[in-house]
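Scroll down for the structure; my scribbles are underneath it.
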Amino acid sequence: MCGIWALFGSDECLSVQCLSAMKIAHRGPDAFRFENVNGFTNCCFGFHRLAVVDQLYGMQPIRVKKFPYLWLCYNGEIYNFKQLQKQFGFDYQTLVDGEVILHLYNRGGIEQTASMLDGVFAFILLDTANRKVFLARDTYGVRPLFKVLTDDGFLGVCSEAKGLINLKHSTSLCSKVEPFLPGHYEVLDLKPSGKVASVELVKFHSCKDEPLHVACDTVESLPSAGFDLETVKSNIRILFENAVRKRLMAHRRIGCLLSGGLDSSLVAAVLLKLMKEININYPLQTFAIGMENSPDLLAARKVAAHIGSEHHEVILNTEEGIQAIEEVIFSLETYDITTIRASIGMYLVSKYIRKKTDSVVIFSGEGSDELTQGYIYFHKAPSPEEAAEESERLLKELYLFDVLRADRTTAAHGLELRVPFLDHRFTSYYLSLPAELRIPKNGIEKYLLRLSFEDSNLLPKEILWRPKEAFSDGIASVKKSWFSILQDYIDQQVDDLLLEKAAEKYPFNPPKTKESYYYRQIFEKHYPGRSSWLPHYWMPRWVKATDPSARTLKHYKSATQE
């Protein structure tokens, strides 16, 4: 996990512009480099490093003797770099996984490069010999990337939008900063002036398609095909375990977020099992956050005892949670209601991990709800086919919501997140299954995933079949949910009259509640006029919901009702 930043064709003094690069220093607390491009005095790279792999030669931009004309700045992990080396006979000069990007590009161009990478990534690749700039981002946007391109060809690229919004340019303050789309690469021509012109934007992978890099996977082919239940369950277990195993690549200590829900519990259980198998000689640290006696804390405690992790509990007090709202919104760069609510707990637990432990590489359960139809509103889906379509829509928008939350809350504290549920191979297999198999059954969401692990003894039965809790609800006490505590506080902060006139003040995505208005005010304070970064609020479908919290849905059952 690092912070990348680059400018091409800057009219302003680079030493002034590079102050913007310091806005993402939290993403790489171990080292910083700022480097001009030979022959292009108005082009430069900035890089903040979190040293996770190859602590000696891991600085960027990466340049190797074999390709002196290539410059690479990337944020991510490429899990199949050793398999690709073996398959194509690449001669690596460092231990950095990202070096494979240079070799793949030299061998087959940008299309093959992006398609063959098994991992999470956002990168800027400069080819001075052919005067090209390439940008690319992984299928689900697990690693963030933003860009700004002016009409006269000035390009700014950064891991977070905050590193671009204050750039100076002769024509104006920088125009439209926007997220770079996941699963795409862009080709740009580099002119002698250092300015660029976009040539094409190409979608190189869809979540439903089996990725090209399957041929270079540790599990090359599944032992059996077909959709009979036992085969499917076995394949799900094999591919999920494979997804966790390949993510063990790290020279820093591994930890795991553990809410006590199905997703994080499965990740933690499989992770610990595999760490033992490869003789990692330190205990797995697991981390839970919640208010005293909240459902998540109690469930996480049970899982930690079952799997034998070194468990840490962070008690959330309401004052601390409320005080964190502004810094959380600044980190997130969004005003989405459910994202902010869920981020507060994750931000505070990440802060604890950074201050009190030496765990740096943090596993988490993001992506499962979207992939395996875990949201409670999936019970209301009109048909299996519509549920399958909704699942794909959610996966495509992850970079705006849960993946954004997971990246920014951990990166704010210099941690690197690993999300095995979003493994390309695992997701494409799960989405290839008949729609009927993937829907909730017997009143239980994620039924197929639970069933697949039922006989594994990885988790206690009551955890394996525990109903869905929204993270922002699960960390609260049963009596009063976190979002209602937030709303009580915000009610005192936002006047009724302000809310009445909200649509005039904020015509795009107008706030409908005081809570929404409060978040929007803070967002606009830090990112004025950037409301288009959020195309729409996250809300459940097929139900008449006015609030995204699971607790407001009829299907929701708290522990007090069971």
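Don't overthink the numbers, they just go from 1 along the chain as shown.
Note that Cβ sites are derived from N, Cα and C of the backbone, with glycine treated the same way.
Annotated active site, for GATase activity per TrEMBL: Cys2, in sequence order. Among the features that TrEMBL reports, domain 'Glutamine amidotransferase type-2' is placed at 2-191. The L-glutamine binding site annotation in TrEMBL covers Asp97. Taken from TrEMBL, the feature ATP binding site covers Leu257, Ile289, Ser364, Gly365. What TrEMBL records for Glu366 is site 'Important for beta-aspartyl-AMP intermediate formation'.
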Using other CB atoms within 10 angstroms as the count, which residue among the recorded positions Asp97, Glu366 scores least?
Asp97
On the Cα atoms of Leu257, Ile289, Ser364, Gly365, which are listed as binding ATP, what is the maximum pairwise distance in Å?
15
Take every residue in the domain 'Glutamine amidotransferase type-2' (2-191), average their pLDDT values, and give the whole-number result.
90
